[in-house]
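Comments concern the structure below.
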There are 2 protein chains.
Amino acid sequence: MKHLIAAATVAVFSAGTAMAEKVTLNMPSTFPGSLIQLGQAGVKLQDTLNLISGGDIEMKFFEPNALVPPLEIYDNVSNGSVDAGWSVPGYWGSKNSAYNLFAAVPFGPSAGEYLAWHWYAGGEEMMNEIYNRDGIQSLVCGVIAPEASGWFRKEINSPEDLKGLKMRFFGLGAKVMQKLGVDTQLLAGGDIYPALERGTIDATEFSMPAIDQNLGFYNIAKHYYFPGWHQQSTIQELLISKAKWDGMTDAQRAMISTACRANTATQLAEGEAIQGKALAEMEANGVTIHYWSDDMLNTFRGAWDEVVAEEIAANPDFKNVWDSMQQFRGEYAKWKNLGYLK
Amino acid sequence: MKHLIAAATVAVFSAGTAMAEKVTLNMPSTFPGSLIQLGQAGVKLQDTLNLISGGDIEMKFFEPNALVPPLEIYDNVSNGSVDAGWSVPGYWGSKNSAYNLFAAVPFGPSAGEYLAWHWYAGGEEMMNEIYNRDGIQSLVCGVIAPEASGWFRKEINSPEDLKGLKMRFFGLGAKVMQKLGVDTQLLAGGDIYPALERGTIDATEFSMPAIDQNLGFYNIAKHYYFPGWHQQSTIQELLISKAKWDGMTDAQRAMISTACRANTATQLAEGEAIQGKALAEMEANGVTIHYWSDDMLNTFRGAWDEVVAEEIAANPDFKNVWDSMQQFRGEYAKWKNLGYLK
């Protein structure tokens, strides 16, 4: 009888793609699961995938440090110690500076243009040419709305006011700030508030209004600057061990990429939805909101041009990716100027 | 032995949600499957859903008129003659004028803001309060980039130049044009070119550059106007018989909504990606591209304010939806002005 049941079971299992061998994906995260947008989108990916795959894929989100420290996710996916990771490509800029360009670019594309380049002008493909060298597959799996430029204890009225400031800053934007005499440090989200409170730093950027509000910076620094020229949008990614990715069925890969694209649309919509309320609440709490003068934006832009030239000279991968993005942006600029109401 | 196999089969079937009763969704489309973005996104939805559901859902895209005429999809989904439909809510404005507001709004939100309102500020929910009355469930299932303002044989330099013009126009924008003395007609995509050629119409709007290029209007009318104030973005929808939707498992509903959200991200990215090239090619083909003067845009906006007032007075549903959208847009305006580089 056991034999008969086994035969029947096999027959049923082979009837549909849904009965492929189950894939387990343990996924450590760079961001706490409770963090609006950045972490919550990773939890949502897990929930969606587990529901739509009907048991074919079992994804498990792990809080930062529960399996591995956030900044060691790359190495652990690369060597196969973990199956996957929830992150942002810019966290791996020390492995290859070109990763920064896949995540968030100063004076760079905002969400729609960025996704257009990633999916229709070779961005995601170039990204994987680099990741694959280390045995990793990366899927664009989310996009967040623009960040704010940051929190300052004192008003910034000229480039002079930036000199000597100690400020938390991330990614390529940090290199721009260094050119302007800012002493930058990269602190994880949870470490910023105490550093501001103790005076270890004078200023910080972290993310968009709804997230920054969550972290309470406005209790200490009252001047909040816009626009976030350094991150007009930021791509989130799902890292997967390349061997694991290659071993899946077409249907399993499609479930993952479909869940990632759904995540992207949802995150974009949420990011646009929740900033207005956060801004209004922060103003009610005594925050002064500023928009950078043209002079200040030109100063940032000039320093960014110097940073780009240096990065291009230092890394051929950076140059290739930059050239691809610039070519696309040239074509897109005509459309952007015509298509949209100003 | 049959009994034993049946028992084993049942055991396996009940083990995972993936083994739920199969759902068939025959889906007639408003747009040909070959039409860039508008139709192709419907075919893509079909392919994605069939692949990720592993046989749990079988969706079949039908070309316009193969099952039912495009403008009869609503009634057929409502009475259960077809399971589903691929469309745009604005096509049902004659059933209830509020449907227009879920699809594309003159001087209205562009993609990110529109999705934010639909998914996080009650838009999609209000939409279904109306659809459900007729036994239909509608899912936001795509969004297209801004349209162009249209094709004219002669330059339009003042509101006077519009008077008496015969023009193909769609939706709420058509009511605006009527206020300005334009004689509007709604023609399906395939009927526009011959009407322009014969001189039955003097001008036409249809969609975005890459789609308009496909339809060849530039061979006859050489003046192409931007921005498309009447449709800064357009929502596509999947209609499903409400009884069918309610009878599905949670997993099946999640597969459909996940595939729809994925479709939305993909369509948005593609829409942003393909316009620049189309514009460059049309200019090479002798098209003159114009951006409306502030005077002309103010004229359109003034006429639109009159149309809104009339629609609000005529239909309480329109008023409710309009108020919801305006409330959200008020909050969003602060964010839009601060968050983005100008």
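The backbone N, Cα and C atoms fix where each Cβ goes, glycine too.
The substrate site recorded in TrEMBL comprises A:GLU147, A:GLU205, A:GLN231 together with one of A:ARG133, A:ARG168, A:ARG253, namely A:ARG168.
Considering only the residues assigned to substrate binding, A:GLU147, A:ARG168, A:GLU205, A:GLN231, the longest pairwise Cα distance works out to 14 Å.
A:PHE206 (Na(+) binding site) is surrounded by 22 other CB atoms, counting those within 10 A of its CB over all protein chains shown.
Each of A:ALA148, A:SER149, A:GLY150, A:PHE169, A:PHE170, A:GLY173, A:THR204, A:PHE206, A:SER207, A:GLY228, A:HIS230 belongs to the same chain as A:GLU147, A:ARG168, A:GLU205, A:GLN231, is absent from that list, and has a C-beta within 8 angstroms of the C-beta centroid marking the substrate site. Long-range Cβ contacts of A:GLU205 (substrate binding site) within its own chain (separation 6+, distance under 8 Å): A:GLU147, A:ALA148, A:SER149, A:GLY150, A:TRP151, A:MET167, A:ARG168, A:PHE169, A:PHE170, A:GLY173, A:GLY228, A:HIS230. DSSP assigns A:ARG168 (substrate binding site) to a strand.
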